[in-house]
């Protein structure tokens, strides 16, 4: 019995360690406001001298302003609030964004390599969905209305599209100061240097000319 308890406690400790390593590093002091002038390369950003920190290091204004979707790619405009905009987010493992969608506007299939995402709809009707990993590849999708909330698990391919006849607005929260975004169409057809067309043609089981035509749009 004692050995079984020891095993379970050891397993719990390993699970806790793995889950901790899978998220942003935690702060070791009250705050670590990013020093954006430093040339030192670390995992994250170097801390500013705490004696020089001001309220504005933790402040952002603008999420009340609608993003201009007129000429936006895919009819959607992102207003991010990550550590790039608010230095005080450094080491805190959280960020937020606003996304505006024109009617029919979409956020194409993409992933966030460093974060789980949770969204809430402020205005409009938005279809959301994510796909589970191989081998099942199951699409889990739902149409959201005002006040609805939906979660996208970390690393899974997901999308949003405005299925209403009016503009839509969502607020996005992610558990990383710098969640990153990997847009599937862009990385496959617009990378630099580019992925060879014959590789993509074989992967998608289409003619190489089809791939070349898609690449010309990125």
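Placement of Cβ uses the backbone N, Cα and C atoms for every residue, glycine included.
Look at TrEMBL and you will find 1-22 tagged as signal peptide.
As annotated by TrEMBL, disulfide bond applies to 32-47. Counting Cβ atoms from all protein chains shown, residue 32 (disulfide bond) has 22 others lying within 10 Å of its own Cβ.
Over the domain 'Cupin type-1' (61-212), the average per-residue pLDDT in this prediction is 97. Annotation comment: TrEMBL describes 61-212 as domain 'Cupin type-1'.
Around residue 107 (oxalate binding site), the C-beta neighbours below 8 angstroms that are at least 6 residues distant in the chain are 74, 76, 78, 99, 101, 159, 160, 161. If you look up TrEMBL, you'll see 107, 112, 117 marked as oxalate binding site.
As annotated by TrEMBL, Mn(2+) binding site applies to 110, 112, 117, 158. Packing around residue 158 (Mn(2+) binding site) is summarised by its Cβ count: 23 other Cβ atoms lie within 10 angstroms of its Cβ, all protein chains included.
Between residue 47 (disulfide bond) and residue 112 (oxalate binding site), the C-alpha separation comes to 25 Å.
In the structure shown, the C-beta of 112 has more C-beta neighbours within 10 angstroms than that of any other entry among the binding-site residues 110, 112.
Proximity of residue 117 (oxalate binding site) to non-local residues of its own chain (separation of 6 or more, Cβ distance below 8 Å) is seen for 151, 152, 158, 172, 173, 174, 179, given in sequence order.
Those same-chain residues not listed among 110, 112, 117, 158 yet with C-beta within 8 angstroms of the centroid of the Mn(2+) site C-beta atoms are 111, 115, 130, 152, 156, 157, 179, 181.
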